[in-house]
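Trainee: Sharing a structure, written as structure tokens. Questions coming.
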């Protein structure tokens, strides 16, 4: 019995299900049968193929074969153009290197043969030989002049290829959406496309070989021509030297003419090398110009932000400089347009400010220059109590400069410099711990020490500073209470030393004799000491402090003991018995109930 048969029996037994099935259309019945159809697993069929394919979907758009082929052709053309441009640039570089090497070789050969010709300057050469040398020089100049336009044409071709590649990229960007919609191809058409691409790649290889062959031929020709010209020059020079040796020096003017001809040849060569350098420089500038285009708007934005920043921070800067009483806090946290120059100006303005107590510049890209300016400001400023330097670019040098300035500052109580771009390191942490030993006012330090040693020492130093601040507060309270008690005593002293009611009132005009009599009495008799002040409240404060520092259990025990001081009659009797002797006690008869 299969599962389907069992399910059908259950369905037939249930009348409600039968009625539901009767209402279904034939299409719905087919779907239901497909879902209920359970096939026994076959071991020979892979697991992924045992179920029916539930991922079959209809194509979202129609396939355009022509668009696909056009796209493949454009892409192959772009690749060919890129490779051609790269090959041409390499060939131009090789040609220029070969020319430079030939020029160096010719210059060296001329230098070697120069002293021989100079030694034979006084001798008279033939006119035909001179004409031949001039004609050869002209031919070399003409050949080099013809090579220049060739190189310029090659460079122009490279630039044209780059322009075409840029235009093709723009066209490809416009047509990209249409081509992406048509990119869903079938397997057969993919095969045809791959075959065509293979054919195009073969065409590319052929073109490369064709381009390389003429380039190699040109290089071989150039080397052969250079060798032939060098050989001709050497032969002509040898002939001239032989003829000069045979003849005697008759005229000296001819030697001067040969020198002038050499100078002219050198000038011509220099002029030929200069345009080559100019062509190279133009190529470099063209390569550098394209990236400079998109950088212009970014430079303009940066300049606009720098110009806008001073306008935003001008008012607070003026308030800080003018010591405005309302300006008690300078907060420039997370400002994008602020620069290090503006931060330095703020610190310079705060140097002589006596109102601002909080200076916060977190996440403002402040560097060591700002840190050094803050250190100078802390040495002079005696009002700032909080400084926030979180999330900046300050290094260990700037932080140590700030801590050295704290040795001369006794007002800063909070300093935060966590999450800097550069890690402080163990050395700076040790230096911070050493410098904090001499500071007694810093109470809060916003930094997580990586080393355990400096971390423990700094926590102990901060707790020490907290205790010192608490002791100072207590002393100030005592002094204030003592001052208030002295004022009360001064007010009560005249009442004690007042005259009795029956004594006559002194006259408004004092007698002249009374002054000299009173002065010796005051000098001889010591003044009466002031009465002792009343008991002060500090003991109560100390008791409260003791209670606050003692644990709760001891306080409860103490509270319970206090009411026990009032003794009952029984306690009094027991105390009397303990203090009495046996002689004082009287014998008492035992009561009858206890007998």
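In case you wondered, yes, glycine gets a Cβ from its N, Cα and C as well.
What you are looking at is a predicted structure, and each value in this text was computed from that prediction instead of being measured.
Sharing the record's features from Swiss-Prot:
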{"type": "REGION", "residues": "1-322", "note": "region 'Disordered'"}
{"type": "COMPBIAS", "residues": "27-40", "note": "compositional bias 'Acidic residues'"}
{"type": "COMPBIAS", "residues": "72-105", "note": "compositional bias 'Basic and acidic residues'"}
{"type": "COMPBIAS", "residues": "117-127", "note": "compositional bias 'Basic and acidic residues'"}
{"type": "COMPBIAS", "residues": "134-193", "note": "compositional bias 'Basic and acidic residues'"}
{"type": "REGION", "residues": "165-288", "note": "region '8 X approximate tandem repeats'"}
{"type": "REPEAT", "residues": "181-196", "note": "repeat '2'"}
{"type": "COMPBIAS", "residues": "201-224", "note": "compositional bias 'Basic and acidic residues'"}
{"type": "REPEAT", "residues": "213-227", "note": "repeat '4'"}
{"type": "REPEAT", "residues": "228-243", "note": "repeat '5'"}
{"type": "COMPBIAS", "residues": "232-251", "note": "compositional bias 'Basic and acidic residues'"}
{"type": "REPEAT", "residues": "258-273", "note": "repeat '7'"}
{"type": "COMPBIAS", "residues": "259-289", "note": "compositional bias 'Basic and acidic residues'"}
{"type": "REPEAT", "residues": "274-288", "note": "repeat '8'"}
{"type": "COMPBIAS", "residues": "467-476", "note": "compositional bias 'Basic and acidic residues'"}
{"type": "REGION", "residues": "467-568", "note": "region 'Disordered'"}
{"type": "COMPBIAS", "residues": "484-493", "note": "compositional bias 'Basic and acidic residues'"}
{"type": "COMPBIAS", "residues": "503-513", "note": "compositional bias 'Pro residues'"}
{"type": "COMPBIAS", "residues": "527-538", "note": "compositional bias 'Pro residues'"}
Trainee: Sequence-remote contacts (6 or more beyond its ends) of the compositional bias 'Basic and acidic residues' (467-476), Cβ cut-off under 8 Å?
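Mentor: Long-range Cβ neighbours of the compositional bias 'Basic and acidic residues' (467-476): 440-441, 443.
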Trainee: Tally of helix, strand and coil residues over the compositional bias 'Basic and acidic residues' (467-476) according to DSSP?
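Mentor: DSSP composition of the compositional bias 'Basic and acidic residues' (467-476): 10 helix, 0 strand, 0 coil.
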Trainee: Going by DSSP, how much of the compositional bias 'Basic and acidic residues' (72-105) is helix, how much is strand and how much is coil, in residues?
Mentor: 34 helix, 0 strand, 0 coil
